[in-house]
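**Student:** Structure provided below as structure tokens; questions to follow.
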Amino acid sequence: QLWLTFAPVADTTAAYFHISLEMVNWLSIVYLLISIPFGLVATWVLDSVGLRCAVILSSWLNMTGSIIRIFSVLKVLNLGSQSYWYLFTGQCLCALAQPLIIFSPTKLAALWFPDHQRATANMIASMSNPLGILIANVLSPALVPEGKRIPLMLGVYAVPAVTACALATVGIHEKVPPTPPSASATNSTSKPFLTGLKMLLRNKPYIVLAVCFGGGIGMFTCFSALLEQILCEKGYSNEFAGLNGALFTVCGLLGAFLLGLYVDRTRKFIESTKICFCLSALASIVFAVVSSPLH
């Protein structure tokens, strides 16, 4: 949820820090830029160092970043024009934590759950990311009806980051369970990191899927980060834009759940994927036409 802290209240944030909307957008875009190179590092950390270290490292990065963001609004520091760069530095540290958090569910399910529970465990853990996006879209406009409430918003968002860091540091003692839940958890068949990476880059079907799903994620992040600016230009409020962002996420979660049930029963993975991409393209075209200046 720290990723989209400012996107639902971009105009208010720009006015409070005396910066442009482009600079506000960079507070979200930096997550995407950092996740590209650090995503490879996060994969290596999970495979080589272990799940426990990855989770604790991510929680500390997230907490440190959220605290540094608070420094930007402390009057006693009298930062002036430098306050934005404290905010940006905090976002960068939180961005470093994101790949470790997002990549952890699959490893968690493989190491800590038996075969018949892995899909459910992975699904529940993976829901944390869209749930955080949903909360940010609703919470940020509710906390910031005016610019002077931005320090309160930063403080509220820091609380779960500090809590999660304390729980991870104190509560996680082992990187694997004392008793392996399945034979596959004991005998891993995964390739060494560089070997596996080379194999993926030579796999044409994987490249096609990566480009397609990467485009879908790019569309989602674009809408999530810029929806407030698109709608507010049309005269809508931050609360309405945040509600639309939340509905965007809720409908996606519901659709993913129903589609998962359908493909599990019919095994029509390829057909379902093609239909979903076509519907996404059609919806994007309709949105672009409706939101154009001519309308």
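Quick reminder: no glycine exception, Cβ is built from N, Cα and C everywhere.
Because the structure is a prediction, the values reported are computed rather than measured.
Straight out of TrEMBL:
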type	residues	note
TRANSMEM	26-46	transmembrane segment
TRANSMEM	53-72	transmembrane segment
TRANSMEM	84-103	transmembrane segment
TRANSMEM	124-144	transmembrane segment
TRANSMEM	150-172	transmembrane segment
TRANSMEM	206-226	transmembrane segment
TRANSMEM	246-263	transmembrane segment
TRANSMEM	275-294	transmembrane segment
**Student:** Looking only at the recorded stretches 26-46, 150-172, 206-226, 246-263, which one has the largest tally of CB-CB distances under 8 Å to the transmembrane segment (275-294)?
**Tutor:** 206-226
**Student:** Where, among 26-46, 84-103, 124-144, 150-172, 206-226, do we find the most CB pairs under 8 A to the transmembrane segment (246-263)?
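**Tutor:** It is 124-144, which has the most Cβ pairs under 8 Å.
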**Student:** What same-chain residues lie close to the transmembrane segment (124-144): Cβ under 8 Å, and 6 or more beyond its ends?
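**Tutor:** Cβ under 8 Å, 6 or more out: 1-9, 12-13, 101-102, 104-105, 108-109, 150, 152-153, 156, 224, 237-239, 241-243, 245-246, 248-250, 252-253.
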**Student:** Find the member of 26-46, 53-72, 84-103, 150-172 that has more C-beta pairs under 8 Å to the transmembrane segment (206-226) than any other listed stretch.
**Tutor:** 26-46
**Student:** State the residues, same chain only, that lie 6 or more residues beyond the ends of the transmembrane segment (84-103) and have a CB under 8 A from a CB inside it; answer 'none' if no residue qualifies.
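**Tutor:** Same-chain contacts beyond the flanks: 2-3, 17, 19, 23, 26-27, 30-31, 33-35, 38-39, 41-43, 45-46, 54-55, 57-59, 61-62, 64-72, 128-129, 161.
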**Student:** Under 8 Å between C-beta atoms and at least six residues away from its ends: which parts of the chain pack against the transmembrane segment (150-172)?
**Tutor:** 1-2, 5, 9, 12-13, 16, 52, 55-56, 59-60, 62-63, 65-67, 69-70, 72-73, 94, 139-140, 143-144
